[in-house]
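**Q** Annotations per TrEMBL:
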type	residues	note
COILED	122-186	coiled coil
COMPBIAS	13-24	compositional bias 'Polar residues'
DOMAIN	36-73	domain 'RING-type'
REGION	1-26	region 'Disordered'
REPEAT	387-419	repeat 'WD'
REPEAT	473-513	repeat 'WD'
C-alpha cells in the first residue's frame, strides 16, 4: 500500500509539467519572493493576502478550507481577504518569456524574428539558406557514415560467425572422413573374417547355399529407422566426437593416443554403441498380462510397481489400500486369469509409492495419502516401522542403495525427511517452499538426494549441508512429478509439461529434453536403466526413449475392453512403469488396474 501511495504522489507533478505550456525557470534563479510559502514552487496565479503575503491561488484556498489564518504570520484570514496580485503575475510572465528566449534554439529565434516582422535582405536570406543547405548535407553525411559503420559491424560479425561455422563444418567433415575410413577398414576385416568362416563351413555343409541367407529385411528396416531419427543421431554423433577431441586436448594428448582400435576414435565407438542399441529395438511387445482388481473400478489404479533386489518378485500398490507381491516367473508362465499374489498386506490409506530395500530382500517401504511412511517385512507381512511426522500426503519414498538402513520421503507438507530404520524419529528434515512430488537417493552416494518439486525445479542436496541445495536444475514449465538416476552422474526427471529431461548432476548440466508422450495432470510413472528411459502417457500408452535421442524409440498402447456400454476410454492413462534391471523387459500398469509385461523387440 505504501508503494502505491508513493507512486500516486508522483503523478500530479508529471501531469502539471505536461499541461503547463510555459517553461518554468529554475527556482534557484528567482527571488525567494516569487516562491509560494506553501508548496515552495514558483507561484502560479498569484493572490495577495490582506497581511501582504503572496501565494498560489490553489494553495491558499486549500489552506483556508482547513484554517482561518495566514500560513506566514498567522494573521486572521478568510477567502474575503485575498486578492489577485496582478503585478507579481506580470513579473512572472516576463521571467518566463526571458527564460524561454534564453533556452530557445536558433531555429526558434529565427522563427520569432520573422514573425515579429524583422527586416531581412534577399542577400542575407540567400546566405542563410546556403548555410542551412551545408548544415543539412553535413548532417546527412554524418548519418550515412553512422549507418555504414553499423552495416560494416554487422557484416563483420556475420562473416566471423559464418567463418566459425565453416571451420566447425570443415572440422566435422574431417572427423567424418576419418571415421568413414576407419569403418571401411573395420568392415573389410569383418568381411575377410566372415569369408574365412564361410570357407570352413562349406566343408561341412551338405547344401552350401543354405548357410548364406542374407537378412536384407532387418537391415533395411534398421536403416529406415535410423533415417527417421537422422537429426537426433547426427547431433549425438557430433557431440560425442567433439567431446572426445576436447578431452584429448585437455589431457594434452595427440589424436593417435585416443584410438582404441586402429584408426577408431572412442567418440565413434560411443556413437556406434548408441546407434546399435537404438536400432536394435523399434517396438514394445506384450508377453504377459494380469488384472490387479475388478475391471473399470476406480480403486484399481496402480500408483507404484517395483522389482525386488533379485528381480524375482515385484510389488504393486495403489488406491486399493493393498500391497500385493507377485512372483515374476509365475506371471510369465501362467495364464492371465490365475495370477494370485504370493503376499498381500492391507494398509489404512491409499498408497502412493513403494521402494524395495536393495540389501535386505524382504524389506519394502511405502508412503501413503495420510503422510505415513511404513517399512514392511514381506516374510512376516507385518510393519517394522511406521513414521507419522508428515502432516500431509506423502508422495514418494526411497531406500538408499549404499546405506540400506536409510530412506528418504517427500510430502505435500513441503518437507523432505530422512529416516533410519533403527530410529523411531526422522534424523534430518529439509523445509522447502513447495510441495514435494518425488525424492531419490543417488545410487552411488548416501549423502546426495534429488528432489522433484511443484515449483518446476529439481533440487539436488548434499545432506551434509541442507541450508541450500547443491544444484537447482531448471527447465521444466510445470511440476516435476518424478526423478530417477540412470547412474551416479545422470538424472532423469518427468513433469506435467509433457517432457522428460536428462541432467548431469556432476557438472550441473542439462543434457537433453525428450518429447512424444502426453502428461498434463496425472502421475504416469517413470523408470530408467543404464540406456533407456520409459514413462507412461495420458493416452494410455507407454513410451521408451534412448537416453541419447530425444524422440521415442518405441511405444505400446494398452487396449481397453469397453463393457456395459462405457465409453470413457479416453480417461485411462498409464500409472506406473518399472524396468527389470538392465534387461529389455519392463512392468507397466494403467488406471484400469491392468498390468502388462512388455519387452523391447525388433
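Glycine is no exception: its Cβ is also placed from the backbone N, Cα and C atoms.
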**Q** Could you give the number of helix, strand and coil residues in the domain 'RING-type' (36-73) as assigned by DSSP?
**A** 10 helix, 9 strand, 19 coil
**Q** Averaged across the repeat 'WD' (473-513), what pLDDT does the model get? Just tell me the whole number, please.
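**A** Overall, the repeat 'WD' (473-513) comes to a mean pLDDT of 95.
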**Q** Take the repeat 'WD' (387-419) and count its residues per DSSP category (helix H/G/I, strand E/B, coil), listing them in that order.
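**A** For that range the per-state counts are 0 helix, 18 strand, 15 coil.
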**Q** Do you know the DSSP helix, strand and coil residue counts for the repeat 'WD' (473-513)?
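**A** Reading the DSSP string over the repeat 'WD' (473-513) gives 0 helix, 24 strand, 17 coil.
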